[in-house]
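Record features, source TrEMBL:
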type	residues	note
DOMAIN	A:76-282	domain 'ABC transmembrane type-1'
TRANSMEM	A:24-45	transmembrane segment
TRANSMEM	A:82-101	transmembrane segment
TRANSMEM	A:108-132	transmembrane segment
TRANSMEM	A:162-183	transmembrane segment
TRANSMEM	A:209-234	transmembrane segment
TRANSMEM	A:264-285	transmembrane segment
Amino acid sequence: MAATLTAGAPARPRKRLASRRTRVGILYALPVVVYLLVLFVYPIFSTLLLSLKDADGSFTLHWYADALTGVNLSVLLTTLRISAETAVLSLVFGFVLAQAITRLKPILAGLAMLVVVVPHFVSALVRTYGWIIMLGDKGLVNETLTSMSVPGAPFQLLYNELGVVIGTTSMMLPYTVLLLYGVMRGVDRRLLAAASSMGAGKVTIFRRIYLPLVAPGLASAGLLSFILSLGYYITPALMGGPDQTMIATLINQQVTKENQWNGAAAQGVILLVLTLAGLLLVKVVTSLGASRKKRSAT
Amino acid sequence: MKDARIDRRLFLRGIGGVTAGVAAATALSACGTGTSRVASGGGKGGGKTVVVRDSGGSYGAALQKAIYTPFTQETGIQVKVLNLDDAPLLAQIKQGRPQCDLINNSMMSHTKYVAQDALERLDLDRIKSVKSAKIPENQITDHAVGSSFYGACMAYRTDAFGGKKPESWADFWDTKAFQGGRSMCNPDGDLPELEFALLADGVPMDKLYPLDVDRAFKVLTRLRGDIKKFWDSGPLPGVLLSRQEVTMSTVWDGRIADLQKQGVPVTRQLNGMRRQFQGYAIAKGAANADNAYQLMDFSLRAESQAALAKAFPSNPSSPLAYAKLTEDERNALAGAPKYYDKGFDTDIDWWLKNESAVTKRWLEWARG
């Protein structure tokens, strides 16, 4: 957050600070800063403290050792793996969908958006029931495949990693589609026309003009779905098996079943650190890309 | 600047995701939050409100119909309902400001609350119905009184085994004679079902506790490959059975009654049923303790328990309540006298000591 406040400050901060406008600006920002300090920074630090406290109040790292060994570690790795798979798949499908929607008439585009977003408002149990009707052994997909005598059918599409990724991807699609749709609408079509007038083929236009223009959107959409998936809980529990247990499930169990806040806090902090690491990674990649662009321009 | 701003938003969302599980639980129970401590200014016993915690859903709806509404009619005391998980409720009580007065919860949870010094010690003289309804001795503790129990038993598709009927947990494990997928509970749904594994392996019902954990997991391993889904919510076993995802599942008794009414070919087997008791306790620092005593007294009456049993498949703790039901209503309940010997009571003392370790081991086992 400190980054937000200072990110806009250019090379000569002192002169800036002195100006009247800046001082008024700081005054305006104060309520928000206080709000975030009290309701955001303070809780996070108390969580951090909680994760370092033993039952008797003394300092300890054993909650972290516990969270990073044995079954807890494998759950953490599962969480990362499923989140990555979800991010990639929702990017691919989101890209195709958003691309299709930008070509539709506004009314149809709105309708298509609605179809993408509506599943979000369906209760988890109803949605699960729906998925079982679709993907179960006696579900729509498998019945169709069996009647077409596809070899190997019926396939196990639920209660394994495939089921979870199908579920989480469908939950992430609204985010990626909405984000990418906005970015794609912002692309200046004349650039594509100009490229084609200079003899660029379709693939070249896509690769060298279109993709770089929507790349920032791709990065934020991928990161967003990765981060959101990290904390996912209901869908993996409903559509997966024990092998797809996510870390949020463990946190929930520790708090609600065992009243064990310290261990839960440690896992929460680990999740937070992973999220920050993801953000940092994207930041590094984008700034590397930007500096390379600058170098090639000069 | 723009980038930084978006990043911060992502960052905040990420945090939101982290806490989503807890937040969702809180949001679900938000319906009760507006009702807190309404009568706290009402003076000693003068308040006309009582706030009761229950787990909501169809059980909550049945409680409203069979207990709360008649209670308000009789006493004029308004009943407000709070659906809150244990963790936030315990936190509230520790802060000295519980949102609710009366707590409807499992007896095992009540015992956990007692360990945290979160419940009032009960004055049994103020709960007349404990005697009049003949609540069994073992369901009366210093801090809580058992009002009903729920049973976990076996449910199966009647069309799956060519007319054969599974009679015991050994049959549940016998995937040659009774083919098809199985479903058992996940620790999110209920206590791991070690007892069923031991029964299937030939341990007699009265010699279950203390559970032989190693042996139980060994037996569970034999069935692991046939367990398609570990259910984590009450309705799921019914869904799995009706969609023919599995042919046999463990289930909370009563949850398949609706399916049977719809004509789905499923039925239950009560042999080896595991009983867990549900009861009432008063939160430490409750604002309306007097009214809470009154509602508790009302709920434990045999008539009230019978009324609840008609609205929801919960099994009254009062033996007198069963006499107030028709033959059909009585026989639908797992608690009916003629079924009682088929099941066993969960030893909550054993589970309180071992739940955490068994849950962890369960996850290691299930992930294989």
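Yeah, the Cβs are placed from backbone N, Cα and C, and that goes for glycine too.
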The transmembrane segment (A:162-183) and the transmembrane segment (A:82-101) contact flag, 3+ Cβ pairs under 8 angstroms: yes
Hey, which of A:24-45, A:82-101, A:108-132, A:264-285 has the most Cβ-Cβ pairs under 8 Å against the transmembrane segment (A:209-234)? A:82-101
For the transmembrane segment (A:264-285), could you work out the same-chain residues 6 or more beyond its ends whose Cβ comes under 8 Å from its Cβ atoms? 44, 47-48, 50-51, 63-64, 66-68, 72, 76, 80, 219-220, 223, 226-227, 230-231, 247-248, 250-251, 254-255
